[in-house]
Amino acid sequence: MGIGGQVVVPFDGSAPVDSRPDGRRIDLDEFVEGRSIGAFHLNVVLWPLLVTIADGFDLVVMGYAAPEIIKILNFDRSAMGVILSSSLVGMLIGTPIAGYLGDRFGRKPLIVLSTLLFGLATCSTVLAASVAQFCALRFVAGVGLAGIIPNATALVSEFIPRRVRGAFLIVVQLGVQIGGIVPGLVAAYLVSRYGWEVLFHIGGAAPVVLATVLVFVLPESIKYLSLVPSKRAELLRIARALDPRGHLPDDAVFALKSTGSRGALSPLVPLRNGMHIITPLLWLLAVVNLFTTLLMASWAPTVLRDIGLSPEAAALTATLFGLGGLIGSFMLTVGFNRYGFLVIVAFYIVAIPSMALIGQPFVDRGVLPWLVLVTGICVAGTQSAINSAFGMLYPTTIRSNCVGWGMAIGRLGAIGGPLFGGFLMSKQLSGTAFFETAALPLVFGVLIAGVLTYACRQRFGGWTLDERAKGEA
């Protein structure tokens, strides 16, 4: 009930209780859907985009530092596989917790604190001198990284109209691809002069500064605020910024049409409300894609050296995988929003031969960069669409929670990729055999994405994803 003139919006989707007799009821879903894209929307997307750029840098930075660390600190390659996976273990543990906390305490505080934590841990990595120390610091960085994608995805989802939501979510995911390109450039041009530590100086300082700025410029989710009566003043301020010509009255009452209660910290929450088929399939797809993406991102700089490229050429060629991810994400801003998982089926069919051909002796060396680029487009680029799907399929009250669990399950693949790469390297596998083996999981990816396409067509009556089933009000 209302307290001191406040409005409580029940979580079961029923009408809100308004203690003020002259309150004007506004459906918040319709309010968001009715807004034209403007400067406020671009601001909402800009800051999460910058955060995900820092996220993407940190996600792959160890792969570019690995060759120098192995040489200077005399670590063996199997130990480096453990180090490469340590941040991903932190993400696995932290992601569902961060998603749950984002639903409980807001998207903004989780984004700010997560950015600060992984920035400080990344800066501190230069102090590590043993495998255990590297693992500990990378684990802490991973816990920080865990809070970024679930809460950034939820925040953007709750401001952007459904008609362009998929495209805007993929734009935010582009940050991971953009950030993933930068370490390769730093490795190619600065590591020989300043040492491997420069990668972590840059990768740590940027998010620390960014976290400070976010405190002042990042808005809280308008839909989250509608669920917290004590935040009414902030809700009204942001609503007026979102619709500056709307002249919203002081007594406006905001209500959410989306149904559902705030879920517990349980992996069963994303399986409810008819999602018991789509959710597990989406989890499996995330596992396959992150396994392959992190296998390539973590070990490509080292394996490309093994097949004869110079350190600088290997770093630059490996960077094309991240650049391909950026291009693929741009391509998917239109394709995924219109055709859903069918686009991923097509991407994987192209990725399988392009990856398997990398390093083959009968392939001209000049073609090698193009193969890496195409592989990045079709594999790394696909992750943006998968992350966006998590943000599109669940209602506001459990969105961060569901995104968090989806990303956490996917991290099982992300952890396995670098570890599997370390295993292959310990067996002295040739570079050509490495890339052939790396392509195999995508065969399963084609099957999973195909079944997902059919399941979504059955639930939504078309290619486009939604948080409501066909015929649901």
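Each residue, glycine too, has its Cβ placed from N, Cα and C.
According to TrEMBL, the protein carries these features:
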type	residues	note
TRANSMEM	44-66	transmembrane segment
DOMAIN	44-457	domain 'Major facilitator superfamily (MFS) profile'
TRANSMEM	78-98	transmembrane segment
TRANSMEM	110-130	transmembrane segment
TRANSMEM	136-156	transmembrane segment
TRANSMEM	168-192	transmembrane segment
TRANSMEM	198-218	transmembrane segment
TRANSMEM	281-301	transmembrane segment
TRANSMEM	313-332	transmembrane segment
TRANSMEM	339-358	transmembrane segment
TRANSMEM	370-390	transmembrane segment
TRANSMEM	402-426	transmembrane segment
TRANSMEM	438-456	transmembrane segment
- Task: Quickly jot the same-chain residues contacting the transmembrane segment (339-358) by Cβ under 8 Å, restricted to those at least six beyond its ends, or write none.
- Result: 285, 296, 328, 332, 367-368, 371-372, 374-375, 377-379, 381-382, 385-386, 389, 432, 435-436, 438-439, 442-443, 445-446, 449-450, 452-453, 456, 463-465
- Query: Do any residues of this chain, six or more beyond the ends of the transmembrane segment (438-456), have a C-beta under 8 angstroms from a C-beta of it, and if so which?
  - Reply: 277-278, 281-282, 284-285, 288-289, 291-292, 295-296, 340-342, 344-345, 348-349, 351-353, 355-356, 379, 463, 465
- the transmembrane segment (313-332) and the transmembrane segment (110-130) contact flag, 3+ Cβ pairs under 8 angstroms: no
- Query: Taking a Cβ cut-off under 8 Å, which residues six or more beyond the ends of the transmembrane segment (402-426) line up next to it in the same chain?
  - Reply: 63, 76-82, 84-85, 88-89, 91-93, 95-100, 102, 146, 149-150, 153-154, 263, 267, 269-270, 279, 282-283, 286-296, 298-299, 302-303, 386-387, 390-391, 393-394, 433-434, 437
- Query: Counting Cβ pairs under 8 Å that are 6 or more apart in sequence, does the total for the transmembrane segment (110-130) and the transmembrane segment (198-218) reach three or more?
  - Reply: yes
- For the transmembrane segment (281-301), name the stretch out of 44-66, 78-98, 136-156, 168-192, 198-218 with the most CB-CB pairs under 8 Å. 44-66
- With the transmembrane segment (44-66) as the reference, which stretch in 78-98, 136-156, 168-192, 198-218 has the largest tally of C-beta pairs below 8 Å? 168-192
- Which sequence positions outside the transmembrane segment (136-156), separated from its termini by at least 6 residues, show Cβ-Cβ distances below 8 Å to it? 44-45, 48, 51-52, 55, 58-59, 62, 83, 86-95, 97-99, 101-103, 107-108, 110-111, 113-122, 124-125, 127-128, 168-169, 172-173, 176, 220-221, 224, 387-388, 390-391, 396, 399-400, 403-404, 407-408
- Message: Let me spell it out: take the transmembrane segment (198-218), skip the flanking residues so only those 6+ beyond its ends count, and list any with a Cβ under 8 Å from a Cβ in it.
- Response: 43, 47-48, 50-51, 54, 57-58, 61, 64-65, 108, 111-113, 115-116, 118-126, 182-183, 186-187, 190-191
